[in-house]
Structure formats: C-alpha cells, structure tokens
C-alpha cells in the first residue's frame with residue numbers, strides 16, 4: 001500500500017532549485033527538454049520578469065526524466081544532452097540577469113534585447129565562447145570591464161540604451177567585427193576603439209558626439225561607419241586612411257566643410273546631408289573613383305563644381321535644398337547617373353519642365369548644352385547653310401528652330417525684334433523663346449503667335465516696364481524670366497497663367513509683392529530679390545502649397561511676419577540683405593529649416 005494518501009503528490013526532489021511557479025509555467029518542460037538536445041532555447045516574448053533557475057542549470061542538474069526512464073536501450077537518451085549554445089530572452093520584462101549565467105559557459109549567442117535590464121552581471125566574463133551578444137533596447141548606463149574577457153565576440157549590439165561612455169576595455173575585443181552603439185547618450189568615444197582593427201561595421205548614430213578620436217583611422221578593415229545625428233563639427237583627417245571603407249554616413253551633424261578623402265578608393269556611398277557645408281571642390285571628388293551615391297541634401301552649397309564629372313560611377317546624387325543657382329554642363333557626362341535630386345534650389349537657366357521630366361532628360365539637356373569650340377574667322381564670315389541671315393547680318397539658327405523648337409534673338413542690343421525672326425519660326429511649334437539682353441521696352445506683340453506651344457520665355461536684361469496682355473495669353477507658360485527690367489507691377493490678368501511654375505523678377509522696381517502671384521496655383525519658384533518690397537502676406541503665401549523656393553534678398557523688409565514659419569512647403573527661403581532685425585544673421589546662416597522654426601517659435605499662443 002502506498003505511503004501517500006490517495007490523490008496526494010510526491011515531494012519534488014528539485015524543490016528549492018526552481019523559479020517561482022508562474023515563471024516555470026511560462027517555460028514548458030518540453031522546451032527545456034528540446035533545448036538539451038538542440039543546444040538552443042528561445043524564450044522570447046513570454047512575459048518573464050526573471051529567468052527560471054532551470055534555464056541556468058539546464059546543463060548542470062540531472063533532468064527529471066532521468067528518474068522516470070532508466071532504459072538504456074530507449075531512443076530518449078537524456079544523458080546525451082548538448083551544451084546550450086544559443087539563448088534568446090528577447091522581448092520580456094527582465095530587469096536583471098543572474099550571476100548564474102556563468103553556468104552556461106558554452107553559449108555562443110546571447111540575445112536579451114528589448115527588456116528593462118539596467119546592468120550586466122560580472123559573471124558574464126565566464127562566457128568566453130560568446131560570439132554574438134545583443135543587449136539592445138534596455139536601460140544599461142554602464143558596461144562592466146569584465147566584457148574584455150569575451151575574446152571570441154564578433155557581434156556586439158548595444159543600441160537604444162543609456163550609455164554615456166564606452167570603457168577603455170572595449171579595445172580588448174580584438175576580433176570584433178560589428179559594434180552598434182547607436183541611440184545612446186555618448187559624448188565621446190574612447191581612443192581604445194582604434195584597437196578594434198578587425199571591425200567591419202561601426203554604428204555611432206544618434207548620440208551626442210562632438211568629435212571622433214584620431215585613432216579611429218586605425219580601423220583598416222572597416223567598411224561601414226555611421227555617425228548620423230550627432231554634433232560633429234569636423235572629421236579627423238585619419239578617416240582618410242580607412243582604406244576599406246565603403247559606406248560613410250555623416251548626416252545631421254554640424255559639419256561646415258567636407259573632409260578630404262584621398263585614399264578611400266573603395267568608398268561607394270557618402271551621406272553628408274543636413275549639415276552646414278558651403279563648398280564642394282575638386283579636392284573632395286578627385287579620388288572617389290568607386291562612389292555610386294553622394295547625398296548632400298540640406299546644406300548651403302552655392303556651386304556644384306564642374307569636376308563632378310570625375311565621379312564616373314555615380315548613380316545617385318542628392319543636392320536638394322541647397323543654394324545652387326546653376327548646374328555645370330559636365331554633369332551631363334556622368335554615364336551611370338540614374339537619380340538626380342534638385343528640389344529646393346534656386347536654379348536659374350533651366351526650364352522647370354525640363355527639371356520635371358526627370359534625371360535622364362535633364363542630363364541629355366546638359367550634355368547638349370556643352371559649348372562647342374569657337375568658330376574660326378572664315379566660318380563666321382561664311383555661316384553654314386542651316387542658318388538664315390537677316391539684313392542686320394544677325395544669324396538665326398534654323399537647326400535650333402526646327403529641332404530644338406527654340407527661338408533665340410539675344411545679346412543684340414536691339415530695341416525691336418525683327419519681323420524676320422518671327423517669320424522664320426512661323427511654321428514651327430516653338431517651345432522656348434529667348435530675347436534676353438537687348439534694349440526692349442515692351443514685350444514683343446507677335447509673341448502671342450506662339451501661345452499654343454511656348455512654355456519658356458526669357459525677356460531678362462531689357463528695359464521692359466510693363467507686362468502686356470499678349471504675354472498673359474501664353475496659357476502653356478511654365479517658366480518666365482523677367483529679371484533686370486523696369487517692372488513695378490504685374491497685371492491681374494496674369495492669373496490666367498495657371499501652369500506657371502517659375503518666375504524670376506529680380507532686379508526690377510517692385511515696392512510691393514505682386515498680389516497676382518498669390519493666385520497662380522502651380523508656382524514653385526519665385527525669385528524677386530533686389531527690389532524695394534516692404535512687406536509680404538504670410539497667409540496668402542501659405543495658400544501656395546507648391547511654393548518651394550522664395551528669394552526675397554536685398555529688399556526693404558523691415559520685419560518678417562512669424563506666420564511665414566507656417567509655410568511648410570518652403571524648402572529654400574532667402575532673406576539676407578533686408579533691414580529687419582529678426583531673425584538675426586546667425587539664424588539666417590543656418591538655413592531655411594532653422595529660419596522657419598525660429599519664426600514659428602515667435603507666433604503668439
């Protein structure tokens with residue numbers, strides 16, 4: 001007869017070694033049993049607040065089935081268990097790890113990411129076989145020096161913690177290949193990282209770094225360095241010696257100039273957007289023979305050098321939201337360029353419709369714009385048969401009219417456009433008219449004859465004092481250049497130009513911002529610098545939802561209304577050279593984003 005009462009339970013021989021019952025129930029016996037065979041245990045997302053003792057002692061204690069199965073001929077050979085090499089405890093509610101972790105010396109992979117752990121146990125030094133350690137998304141503020149004993153560690157993920165420093169002992173992880181310390185509170189990086197000569201991937205993004213150690217240049221095997229979203233004002237020259245580097249991310253810092261990278265012949269991607277870089281010179285480009293991606297958005301570049309053509313392998317170039325006014329023709333010679341981003345630049349001289357057609361059409365346009373060698377004296381004296389000669393000895397290029405659909409009569413100092421010019425274009429659907437740099441006092445009346453086809457008109461550098469109704473009938477017009485004239489107002493009839501995307505009115509006589517511009521729905525660019533404008537209407541400007549570039553430099557603006565900060569579509573706002581006191585020059589120097597943020601902060605609440 002049994003000595004236990006009917007329905008009673010035998011005493012548990014492992015009592016005192018088990019975790020609380022609710023934690024043990026979260027780890028089914030079958031999982032532990034399977035882990036002894038496979039050497040792998042995944043306990044992620046089980047709501048654990050602590051790790052059951054049975055997990056730490058999985059390879060120490062005799063399993064319960066040993067007391068039930070003594071058949072050495074059975075298939076379930078509990079004594080042939082495998083050491084635990086992989087333990088995943090991710091996405092639980094753990095606040096600490098037990099020192100009993102030392103009972104798992106065979107661990108190769110330990111993943112405890114997405115918990116609430118504030119520190120690591122000193123016993124982690126016993127995990128000398130560990131190759132991958134993921135402690136990301138926790139609350140760790142400091143790393144123990146015991147980590148230096150993990151001499152086989154290859155991948156160390158620490159992102160999204162609260163680290164304020166990396167210990168010098170980090171340099172002892174001699175075969176480390178991947179180190180991610182992004183999204184912490186690091187203000188500096190120990191010079192000992194220079195000892196990590198086997199590192200391939202180093203992520204320092206989203207910290208508070210103001211400088212990088214010179215020793216970082218010793219990482220000769222590093223392929224990817226990410227320093228995005230820090231406070232870096234410069235990059236150590238030693239970076240130029242990281243000869244294996246393929247990807248360099250320096251976005252969202254405080255860089256005012258690009259580092260010279262003469263030896264980075266393997267560099268494929270350079271990301272330096274959202275900085276304060278003002279110049280890009282040939283010294284920055286001449287040795288980057290493998291570069292395929294160059295990202296320079298949201299900087300203060302005014303000039304793109306012709307040496308950009310040195311980057312023969314370039315596939316993507318992002319120059320959006322800079323201060324670039326023109327593009328070098330050599331840009332058209334890049335054979336592999338597939339994506340060119342230019343939004344938010346005050347570009348002049350290139351029709352908006354060409355920009356809208358995409359990268360390939362723009363490159364084709366630039367390539368076709370390359371200057372041919374000057375004609376010899378004999379060629380000039382005997383123009384080719386493809387030209388039509390007017391009585392004034394001026395030449396109209398018939399090829400341009402027939403093939404490029406362009407009618408040019410510029411730089412002639414003419415007060416009138418000869419009738420023969422219009423007659424030559426009578427049978428062609430002209431899309432572009434250029435009568436700039438003459439002495440015209442009014443818009444030529446016969447321009448209306450092209451109303452069904454023309455979308456780009458350049459009448460800049462003349463003496464025109466008013467816009468005629470004939471010009472207002474060019475309903476397909478997308479680009480209008482009236483710079484350097486004598487205009488003081490625009491007619492309300494211009495509201496009919498609903499397709500107009502870009503207008504240049506700089507160097508005229510405007511004392512008021514033309515009201516009619518507020519009514520043109522597709523305007524993206526307004527360049528109206530160097531006039532005498534005294535005020536603007538931010539409410540009306542906010543309604544211009546496509547307006548991305550507004551140049552109001554060198555006017556008479558005594559104040560900038562805070563509500564202008566609500567014009568969220570603006571990507572390039574230029575206000576320099578006006579007599580207002582605020583925003584101050586230091587704010588203006590930071591660029592459009594900073595200006596708009598400042599203005600919004602001044603809106604009364």
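From the backbone N, Cα and C atoms, a Cβ is placed for every residue, glycine too.
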Which range of 1-21, 22-42 is region 'Disordered', per Swiss-Prot: 1-21
By Cβ distance under 8 Å, which residues at least 6 away from the ends of the repeat 'LRR 17' (522-543) in the same chain are close to it? 346-348, 352, 483, 498-513, 515, 549-558, 561-564, 566-567, 574, 577
For the repeat 'LRR 15' (476-497), jot down how many residues DSSP puts in helix, in strand and in coil. 5 helix, 3 strand, 14 coil
Given the repeat 'LRR 10' (290-311), its same-chain partners at Cβ distance under 8 Å and 6+ residues beyond its ends are 246, 251, 265-282, 317-325, 327-331, 333-334, 336, 341, 591, 593
Quick check: do the repeat 'LRR 12' (336-357) and the repeat 'LRR 6' (198-219) share at least 3 Cβ pairs under 8 Å, counting only pairs 6+ apart in sequence? no
